[in-house]
């Protein structure tokens, strides 16, 4: 087991990465304020892991409240969040009851937001069960639900007590979810570590074959970079925005197609191709660089072409991005491979040509 | 104009109290991050003050987004909160757009919570239009919505940039709302300032007649006490819980009767009588003390008898209080007049007798 520390002005918490961690409840027990937890999970993860975690905790005298939600990004909304509050109140959960997120990014984001709001703030723990959640969403305290007009528009910065990333849980992960997680891993290479990008190119086959050593290294390196960036800028006043590489385009894809059509990681994959293409149009990346990005994303089993919404629709969806300031969309682009920058606004002609480029596929908009 | 300062570990903000402040937009302008605000108000306050505030702001080049919600505690829920998010997103409000709460406690609590969640945190300003909001709910950063199973169960600690309490706005306040505000003022006397309690007894007629000097003193003294207590304990780890005097009982009344039947201040009034009676049963207050509390609350035009839910129903509602720890309800009682204390748990026999005392009125439960 490797343990990373995320250090913030007001708090500090461990990120444990390793094998067989779900059964090591001694990692969790010291963080509980009272011996009561609510385990928030979904109907896909529950049959796999809920009973195991529950039994381990109850063996140590911890009362557990199970909350099983429907699976999928299309359920990351207020209606589903309210199911958590209903269950907590019906079971007399208290302000010191710990919420445990046992699931992927959707469960983690919703559980964290529920914890942020329940009685104005209950503690919570992340046990990510997908690669995407392990390398990205479970770390850093961004919690949220979607609004029909924009992804993650309603949420809070709210840090967990602890993150437990058990690599063994990835064994049951569907292929498509694995690729979605690799998208966020590629993001770290692209935005800040060219060596890691090279490593990913060399080891993509191993990652997709779930080689445990390769996977653990990729999770570790991603979490290290995330912890470092979030440690510098918890509330995204500056550098943290770079973690949104591919996300302004990606969120527009998710909202435009309807949440749940594409996985978040898939949208980020295609979004990073658009970000690379825009960076080429700015004169920063070469055609070879863009081809390299595209090849890596394709090798991960991710889509490299985005749906064709038309420029107006693209702009409308991107206009609901949290990085918009005074009406100007702040894009995360690549100055070079391994170095992301914020670009406030792009020329209309550049965007127009981007949305008529080979990176856009009209067929996809009619999925 | 008097200006108080609320100083917290991470922030500090002014509370302006005075006359004619609604038109002094120069108090607001320096706090805006971009020249765009959303003014959240309700259908009772909007016809009175919305246009005036809007015109003043637009005169200074500030774009305003009006959001008019239905009035009343029964609307302090997710459905209504979502109307705020809908309006913000439809108008392309950004993370730096300032939300202005123009209304009473319900509007202030909902606007604050919407600001806490919108794009994970937008700035907000409180312009309280009721006495209750001016003396209590607009100050200190407690924001929330209700859940059918418990009052204020979903919310956040989230501080405003500024509070502007314009005493002139109280001129349009209905009698019943004025009394509800006085309940929270009496609370400050009871919990921590016996001299202020005496002043209230001597000046209750003036307050109810809206004597401007008396009202301003009462608002100022209440805000001073609130700012001092919140400054010591923003997140209610300790002393801030004393501000809940009368509220554990009061919240049970509100939830038990259905939100909106009684005003929050009315429920707190009757709740303080129960808290005083329980304090007498503990041997802390004398019968004369309780009579004195009751007389003052009656003089304010507030109910002094609570509905008869039966002990089981009372306990069920009080069990959803945020001060419950490990299943034990933590009551705020009075060690003596002017000195509140936390009492973890009360003997069952004491509670039984309390719920069969003359402070309970069977007729009220059937309202």
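Along the chain as shown, the residues are counted starting at 1.
From the backbone N, Cα and C atoms, a Cβ is placed for every residue, glycine too.
Quick look at what TrEMBL lists:
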| type | residues | note |
| --- | --- | --- |
| DOMAIN | A:67-179 | domain '3-dehydroquinate synthase N-terminal' |
| BINDING | A:71-76, A:105-109, A:129-130, A:142, A:151 | NAD(+) binding site |
| DOMAIN | A:181-324 | domain '3-dehydroquinate synthase C-terminal' |
| BINDING | A:184, A:247, A:264 | Zn(2+) binding site |
The one of A:71, A:73, A:107, A:130, A:264 whose CB sees the fewest other CB atoms within 10 Å, among these binding-site residues: A:71
Integer Å distance between the CA atoms belonging to residue A:264 (Zn(2+) binding site) and residue A:107 (NAD(+) binding site): 13
Other residues, Cβ within 8 Å of A:184, A:247, A:264 Cβ centroid (Zn(2+) site): A:132, A:136, A:137, A:183, A:187, A:246, A:250, A:265, A:267, A:268, A:271
Residue from A:184, A:247, A:264 whose C-alpha is spatially nearest that of residue A:105 (NAD(+) binding site), among the binding-site residues: A:264
Proximal residue to residue A:73 (NAD(+) binding site) among binding-site residues A:184, A:247, A:264 (C-alpha distance): A:264
The domain '3-dehydroquinate synthase N-terminal' (A:67-179), counted residue by residue under DSSP: helix, strand, coil: 47 helix, 33 strand, 33 coil
Helix, strand and coil counts within the domain '3-dehydroquinate synthase C-terminal' (A:181-324) (DSSP): 104 helix, 2 strand, 38 coil
Surrounding CB atoms that lie within 10 Å of the CB of residue A:105 (NAD(+) binding site), all protein chains: 26
Rounded Cα-Cα span from residue A:264 (Zn(2+) binding site) to residue A:71 (NAD(+) binding site), Å: 14
Other C-beta atoms that fall within 10 angstroms of the C-beta of residue A:247 (Zn(2+) binding site): 25
Between residue A:184 (Zn(2+) binding site) and residue A:75 (NAD(+) binding site): CA-CA distance (Å): 21
List of residues, in chain order, with Cβ under 8 A from that of residue A:109 (NAD(+) binding site) and at least 6 apart: A:76, A:137, A:142, A:143, A:144, A:145, A:152, A:155
Rounded Cα separation (Å) that holds between residue A:151 (NAD(+) binding site) and residue A:247 (Zn(2+) binding site): 10
Candidates A:184, A:247, A:264, namely the binding-site residues, that fall within 10 Å of residue A:130 (NAD(+) binding site) by Cα distance: none
Among A:75, A:151 [binding-site residues], residue with fewest other Cβ within 10 Å: A:75
Close in space, distant in sequence - residue A:184 (Zn(2+) binding site), Cβ under 8 Å, 6 or more apart: A:132, A:135, A:136, A:137, A:222, A:265, A:268
